[in-house]
Each structure stands twice: as C-alpha cells, then as structure tokens.
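Annotated domain 'AB hydrolase-1' per TrEMBL: B:48-356, in sequence order. Positions annotated as active site, nucleophile by TrEMBL: B:SER154. The substrate binding site feature in TrEMBL is assigned to B:ARG224, B:ASP353. Annotation comment: TrEMBL describes B:ASP319, B:HIS352 as active site. As annotated by TrEMBL, site 'Important for acyl-CoA specificity' applies to B:ARG321.
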Amino acid sequence: MMNNANNTNIRADFALITNWVSTKAKVLDLGCGDGTLLTHLHQTLQTTGYGIEKDDANWLTALKNGVDVIQMNLEEGLSGFEDQSFDTVILSQTLQAMHNTETIVQEMLRVGREAIVTFPNFGYWRNRMQITLGNMPVSKTLPYQWYDTPNVHLCTIHDFDIFCKNHHIEVMERKVITEGKDVHVLPNLMGNLAMYRLKNSA
Amino acid sequence: MSESNSVGIVKAQVAHFTTPLTLQSGDVLPQYHLSYETYGKLNAAKTNAVLICHALSGNHHVAGRYSPEDKYPGWWDNLIGPGKPLDTNKFFVIGLNNLGGCHGSSGPSSVNPLTDKPYSATFPIVTVEDWVESQARLLDSLGIQQLAAVIGGSLGGMQALQWNIAYPERVRHAFIIASAPNLTAQNMAFNEVARQAIITDPEFFEGDYYNHGTVPRRGLRIARMLGHITYLSDDVMGEKFGRKLRHGELKYGFDVEFEMESYLRYQGDKFAGEFDANTYLRMTRALDYFDPAKAHNGELSQALKGAKAKFMVISFTSDWRFSPARSREIVQALLDNALPVKYAEVTAEHGHDAFLMPDPHYHAIMRAYLEQIKV
C-alpha cells in the first residue's frame, strides 16, 4: 500500500518516525508493506507490535522479515484491536489511498495512545505548478498518472490541520520535509511530505 | 519410489497405553492404543518435532505411501517431505490417528481387550481436549518434551489451539488453519443432519452393526455427500460441474442426471466403504463440543491467557464452513494477549478444502514460516 516515494524521503520519514516512538513501545503499523519500518523500529528501539498489510506479496515479505503481520483491509477499521492497546499507531504514506479516511484516523486514536500520520502534501508548490499548467501532478511522492493512481483522498497540510481541529485531535508535533530536509518557511507551499504526531484532545 | 521430495515408503506404528485416561465426559479408558507415523529424524536434542493433528476424516497416514503400488499418498503429502514446505530434512513429523478413529487407534470398530469384541457403541465420546491429552502421552512415550510446532486444519486446528490451553509450555509454534474457536449453530446443524442420516439407517442397530453383520452404508454415504457440499464453494462447484449432464441429455428420472450428482455419489460410496459410522458420529460431536471460551464466560482471550507459543493463523476467502471471520476471532484473542501472531487470509476458490490444496501462496507462507523456526 505504501507509495513508492523516493528513498531519501522514505529514510527521512522513517528516521523522524523513530524520533516520535519511545523505546520498547508497542507499535501498530497500518499498511506496513514489507515491514521495513517495523523492523527498523524493532532494531533501534526494541519495539514490539504488529503490522497490518492487505497485499499478498508485501504480506509474505513482511513475514520473511520476521514481522508479526496481520492480513486485513484497513477500510474495515481496526475491530479486533482493543481500545488504547498500543503506544503508537502509524499510518505511513497510506492516508491518501484510504477510502474511509475519517474512520481510520479515529480508529488509530481509539487503539493507540498516539498516532503518527504521514502523507504527501498536495499543496507542495510543484504540485500547484503542474495544476496551474493544466495537468494532474506527477512527481516522486505522487508517482502515478491520474488514471492509475491508488490515491483517492489527497490533501494539503492546511486541509489536514483543519481536519484535526474539527475532529478534536491534538497535533503534538508536525514535521514537513522536502528531499529529506526540514521545511520551516511556508510549509504548505514548500513541503512535499507532511508528518503528524497526534493524540486525542483531552 | 522415484517421486522426488516424497518421504517415500512409510509404515504405521502403534503405541500402547495402560495408564487410564479420564475423559471429559467422566468416562475412563483403562487402556488404549494409538496408530501413528513419523517422517524425518528426531534430532538429538529432540527439538525438531512437529505434530500434525487431523480433521474429521483424517488419520495418521499424512505423507508417503505404504507400497510403490499405493494409488494415493498420505492426506497432506503435498506439504510434507524432503524439500517441501514442511521439510522432513529439518523436522521430525508425527501424524497420529485420534482416539475414536477407525484407522488403527482405539475406537468403536477396534477390539475392546476386556471383552474381545469391538467396542461398538460402548466406545465413549471423545473430545478435542481428550485427544490433546492422548497426543501429549504419545509425545511422552517418544521422549519429546516440547513441539517445534503443532499444525492442524479444521478440526485439527482446534486441537492445535487446545494444545496452547492444555500444554502451553510444550508448544513453540502453533499453526491454526481453516479453523474456528467453536462451531456456529449452522455449522453444528450440518453435523446433526449427517448424524441423523447415520443413526436412522436401518442397518445402524444403535451403533452395534458389527455384531449384526451390517454397515449403515446409506447413512454414511449421505453424511459424506452433505459434508462435501459444505467443503466446496459455490464457485468451485460451478466451475467443476456447472449444470453439465452425465448422459448429454435429460433422462427424466432420478438416476444421475448431472455431473455434480455423479461426483457426490462417488465420494459418498467411496467413503461409506472405508470409514466407520460410529467414528463419524464421534468426530462430529468432538467438533460440536469444542468451545474453550465457554469456561471463561465466552471470552476466548481468557482461555488463551496462558498461551506461550507463536501463532500462524490462516483462513481461505471462499471457505464458508470455517470462514475467515471465525479465524479472525482467534487472531483477536491472541492480539488481546499480546501474543506473537501472523494472520493470512488466502485468496482461494476451493472453499474449506483449500487447506489441503497445494495453493502456491499458501504453501509459500507455510514454507517461509517453517524455515524461520530454529530447531
């Protein structure tokens, strides 16, 4: 399910996620792909937990990587997982491909004390430029043509901020990066990957 | 045998037990014997044993052939052998016939040493719990303290699950395939129809047909035909038979008209000629009775609280008799206990039978997991 974003961004993405996960945390990775992130977290922070993956080939690779991987469809929610049973629930570059976007974010915060959500920022200036020139954006973080993209709910950083506010979700931390570098100025314009650390508002 | 990666020619063995076995029903089996087969070599540390638990009509003949002329190999031969997913170069594989069976272990059709007559209807009702107890004693007799893995599909999966409740410290890995934590009412209903077909057969004689020189063949045949319908998916029956006619045209009668009927009758006849009706009754009851959550107010996670193994749970998309939803209940209980578990929902068209088929993805899963087990 994970988009094939460029490696610099994947590594930056994973490194930053690692900063937001505590040692020995219990982690649930939604759309865990081949299990690279969970393996990385386990090796660096001795985390435990599970991955969820729908695709057969990814699922099998995750198993080979030693991940406890559950094959299920995230669109159906996280029934089967108890309330507040994980320290951190991660959705890495999968949000934009979800149909039940609202449900999954709420489910993440039901099951986890914290959630980490990362997604390609549709507001990135290169995307805006391509739209202005009359085409749907195609880039390293959005590597699909309009007719074959799995992405159905693309959003901007601005959109996601409003989403969190309306759903009583507290943004604990936010990072915006482009080509692996932090973006501080005009993030919704200059950043191509957005990362959020979330929890329910008290 | 010239067959590559077959375990080759195998021979059944029999283990005798004289320590009485108290059953769930309260009945006691003062002595009994179990038929079993083994493939591969038990290593010096005895850490590479894998127990295969069979389903409704299975037995101890899991892999290999009894002679080169044998038409069919053991029932899970596609999985087990040198170089196969369950690699006998690495593992010591044990298959046994469960108590109450009709393939060499003590059961209704075997001779009661106290009377020198078949147990017949006097053979007690045995449960999944009883089977696991007897299996543990078989392991004791083989000097095996802990299993590298216990593997079972369907009713066999229930035994694999029960192992983790009864003897959690004796299981390192458990494979629960196409199974369920208990049967639904609908599922039990199929068993009841099957049993009624047998019990109402005039040749059943309340289970004492051995002494009447009869076999309740018609009942057993119908029971098996019904079973076969539920083991297949609508799609695969459609694909295999559709509405194909046996004779190319309608005969306007009640002999075989459609290919599907011919298949069911063939399967029913074959089974009625080789399986014991009293065993069939007992196997279906074992299925009905299994419900480990019952003692814990319906909380399966409580029943599995003491489990220590790593789990591999597998279901098949077209299996409606043991649907993926039932496997997910097992997964949920394991997750509730934060136990290591992997769950695969294999896309397969063969219904419940899929767990016995050599589906490439399914076997790739089995191979990948089994390769990771250290022995």
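Positions of Cβ are set from backbone N, Cα and C atoms, glycine also.
Whatever TrEMBL says is automated annotation, not expert-curated.
What you are looking at is a predicted structure, and each value in this text was computed from that prediction instead of being measured.
Structure with TrEMBL features highlighted.
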| residue | record | DSSP (3 states) |
| --- | --- | --- |
| B:SER154 | active site, nucleophile | coil |
| B:ARG224 | substrate binding site | helix |
| B:ASP319 | active site | coil |
| B:HIS352 | active site | helix |
Cβ neighbours within the same chain of B:ASP319 (active site) - under 8 Å, at least six residues apart: B:ALA178, B:SER233, B:ALA348, B:GLY351, B:HIS352, B:ALA354, B:PHE355
Among B:SER154, B:ARG224, B:ASP319, B:ARG321, B:HIS352 (the recorded positions), residues with Cβ under 8 Å to chain A, listed in sequence order: none
Sequence-distant neighbours of B:ARG321 (site 'Important for acyl-CoA specificity') in its chain (C-beta under 8 A, six or more apart): B:ASN187, B:PHE190, B:THR230, B:TYR231, B:GLY351, B:HIS352
Number of other Cβ atoms within 10 Å of the Cβ of the residue listed as 'active site, nucleophile' across all protein chains: 26
Residues near B:ASP353 (substrate binding site) in space but at least six apart in sequence (CB under 8 A): B:TYR231, B:LEU232
Alpha-carbon spacing, B:ARG224 (substrate binding site) to B:SER154 (active site, nucleophile), which is rounded to whole Å: 16
Cβ neighbour count (within 10 Å, all chains shown) around B:HIS352 (active site): 23
Average pLDDT across the domain 'AB hydrolase-1' (B:48-356), rounded to a whole number: 97
B:ARG224 (substrate binding site), number of other Cβ atoms within 10 Å: 23
